[in-house]
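Some notes on the structure that comes next.
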Amino acid sequence: MLNIAGREFASRLFIGTGKFAHPELLKNVAQASGSQMATMALKRLHISTENTAAANNDDILTPLKQLNIHLLPNTSGAANAKEAIYAAELAREALQTNWVKLEIHPDPRYLMPDGNETFIAAKKLCELGFVVLPYVHADPVLCKKLEEVGCAAVMPLGAPIGSNRGLLTEDFLRIIIEQANIPVVVDAGIGAPSHAAYAMELGADAVLVNSAIAVSAKPVAMAKAFAQAVEAGRCAYEAGLAEVGMQAQASSPLTEFLQQLNEVE
Amino acid sequence: MLVFNADQVADLADELSGESATSSSQIQQVLLAAKQVNGLSIKQFSQLLSPAAESFLPQMAQLSQHITQQRFGKNIQLYIPLYLSNWCNNICSYCGFSANIKQRRTMLDMAQIKLEAQAILAKGYQHILLVTGEMPKLAGVDYLTQVVKFLRPLFKHISLEVQPMSVAEYQHLKAVGVDAVLVYQETYHAQTYAQYHLKGKKADYQHRLETADRIAQAGIDKIGLGALLGLYNWRFDAIMLASHLSYLQKHYWRSRYSISFPRLRPCLGDIPQQNLVSEKQLLQLILAFRLFNPQVELSLSTRESAAFRDMLLPLGITTMSAESSTQPGGYAQANQAQLNQFDIDDNRNTQQITQVISQLGYQTVMQDWHASFSR
């Protein structure tokens with residue numbers, strides 16, 4: 001079972017909560033997906049009840065609280081480490097969780113994650129006792145460095161966020177997965193269940209999907225499709241269908257034979 | 001200094017309906033390119049504004065809807081304008097606040113602003129746009145600072161639509177809590193601009209044009225651009241607006257951009273009749289803009305009619321105002337009707353708009369920002 005920072009997840013599909021047509025639909029999707037982790041932007045949360053008129057209109061928190069789903073606040077909107085750290089602290093107070101999906105994008109057009117600022121914020125948040133899941137480029141070196149400062153998982157992107165283009169970063173994701181000692185969650189760009197299945201076949205520990213479900217004509221049916229794809233992909237990976245990695249296998253059928261030859265000589 | 005090649009754009013605008021008019025097959029090529037969701041070139045964008053593209057509006061609409069939903073989801077952000085002052089130094093022949101118009105002038109004091117804010121909060125708004133005429137001696141940086149500081153704890157997102165300022169002034173306003181600044185060029189055609197903007201600081205075309213640069217240099221998170229459609233050939237202004245956006249995105253990649261499409265409305269000033277833009281043409285422009293730039297926010301005000309807004313809503317728009325009063329003090333004391341900057345057409349209240357948005361399959365978003373961002 002997937003384990004992140006000591007918490008077990010029966011489903012390897014994480015969902016996003018933005019872009020949905022109404023909160024009830026989000027709730028139905030969350031149920032149908034079987035997901036046990038949903039990320040939500042701090043900027044969308046009506047933290048205090050100071051303006052109930054506003055909260056009445058677009059409350060995404062209440063429907064999710066009715067489900068058995070782990071809420072993963074994210075720092076979307078933060079443009080640097082300082083803002084992200086502050087957002088994480090606010091979210092911790094509001095949702096009573098020390099988990100945070102760290103998102104820092106100073107580029108509001110393509111929402112590209114800022115590696116430098118993400119590293120600085122991740123280090124600080126880990127020191128402050130947060131369970132940090134940083135959203136990053138599929139940058140193997142950055143992912144190792146984030147692991148070293150104590151991140152609970154890394155969330156490299158498959159393609160530009162919201163693009164539905166699949167695993168354009170496949171070669172780099174393979175390296176990240178191969179090198180990681182913490183879970184790798186492929187985030188952003190997954191536009192079809194086949195993309196999700198493929199990420200799982202590569203050995204990703206989980207995937208996060210939002211747009212492809214939320215914007216689908218039938219979000220609940222699509223959520224189910226993603227759940228099945230993630231499960232199928234994971235089964236295939238565990239059954240050994242994954243392609244050969246970049247390094248030679250430690251024990252190929254020839255290994256033992258070659259060792260025997262050496263011993264004879 | 002920002003200089004556009006206006007002649008080149010004029011040629012481009014002329015080409016669309018001239019002898020070498022855009023052909024159907026060219027439009028089809030452009031639509032094929034738009035399907036890649038990588039945006040379009042200025043040339044391709046201009047082709048979508050051509051008379052020839054009118055017969056492709058259904059295809060453009062479908063594509064625009066798809067691209068917008070992919071980026072923004074099934075969400076519509078609502079905001080409301082708060083008019084603070086109708087004092088103005090400028091004489092602009094189309095505007096109800098124009099200095100030469102004899103009317104009662106007013107600037108809200110803090111007690112009045114408090115009442116307005118309470119009325120607005122009760123409607124559910126968290127994103128607010130503060131509007132003034134241009135009279136810096138009265139409604140200048142000091143006044144705006146005081147207002148923004150007061151409103152900051154009450155609202156999640158604060159935008160300004162006031163006189164153009166210096167980089168230092170924008171930096172100051174950012175620090176006290178401004179998230180976005182809107183400055184519309186009105187028309188990008190310099191000679192026409194001079195004909196409408198007769199007196200006051202606004203008569204300086206270049207100073208106004210470079211305002212967006214100054215906003216960006218000050219690090220303000222969001223910049224609102226727009227042209228007042230109807231002052232000049234709308235195709236020319238649309239191509240210039242798109243070029244302006246491209247220039248800014250290339251130079252100020254940290255800024256967020258929003259585009260508005262105000263159409264000239266009857267107001268207290270003179271109403272020019274030439275160059276007026278039809279609903280169909282405005283639709284064409286909005287669709288073309290979405291295909292041109294898949295990521296930019298597109299905003300629609302209550303200047304347009306309820307029926308037209310409902311039709312446009314799922315086709316590329318991301319942001320709307322609602323239940324707007326365009327006179328200072330209009331929310332707390334709704335009975336005076338003589339101070340409007342322009343008349344609005346969609347008079348539905350927030351609850352009604354929210355219901356319509358929901359019926360169209362969209363979520364009304366009241367809050368999508370946090371005051372701690374971009375300070």
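Heads up, residue numbers simply count up from 1 along the chain you see.
Yeah, the Cβs are placed from backbone N, Cα and C, and that goes for glycine too.
For A:4-253, the entry in TrEMBL reads domain 'Thiazole synthase ThiG'. Annotation comment: TrEMBL describes A:K101 as active site, schiff-base intermediate with DXP. What TrEMBL lists as 1-deoxy-D-xylulose 5-phosphate binding site is A:G162, A:A188, A:G189, A:N210, A:S211.
Known features from TrEMBL, placed on the structure.
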| residue | record | DSSP (3 states) |
| --- | --- | --- |
| A:K101 | active site, schiff-base intermediate with DXP | strand |
| A:G162 | 1-deoxy-D-xylulose 5-phosphate binding site | coil |
| A:A188 | 1-deoxy-D-xylulose 5-phosphate binding site | coil |
| A:N210 | 1-deoxy-D-xylulose 5-phosphate binding site | coil |
Span of the 1-deoxy-D-xylulose 5-phosphate site, taken as the largest CA to CA distance across A:G162, A:A188, A:G189, A:N210, A:S211 (Å, rounded to a whole number): 9
Rounded Cα-Cα span from A:K101 (active site, schiff-base intermediate with DXP) to A:N210 (1-deoxy-D-xylulose 5-phosphate binding site), Å: 14
Average model confidence [pLDDT] within the domain 'Thiazole synthase ThiG' (A:4-253): 91
Cβ-Cβ neighbours of A:G189 (1-deoxy-D-xylulose 5-phosphate binding site) (radius 10 Å): 24
Proximal to chain B - recorded positions among A:K101, A:A188, A:G189, A:S211, CB under 8 Å: A:S211
Rounded distance in angstrom between the Cα atoms of A:K101 (active site, schiff-base intermediate with DXP) and A:A188 (1-deoxy-D-xylulose 5-phosphate binding site): 13
Other same-chain residues whose Cβ falls within 8 Å of the Cβ centroid of A:G162, A:A188, A:G189, A:N210, A:S211, the recorded 1-deoxy-D-xylulose 5-phosphate site, in sequence order: A:G16, A:A159, A:P160, A:I161, A:S163, A:N164, A:D187, A:I190, A:G191, A:V209, A:A212
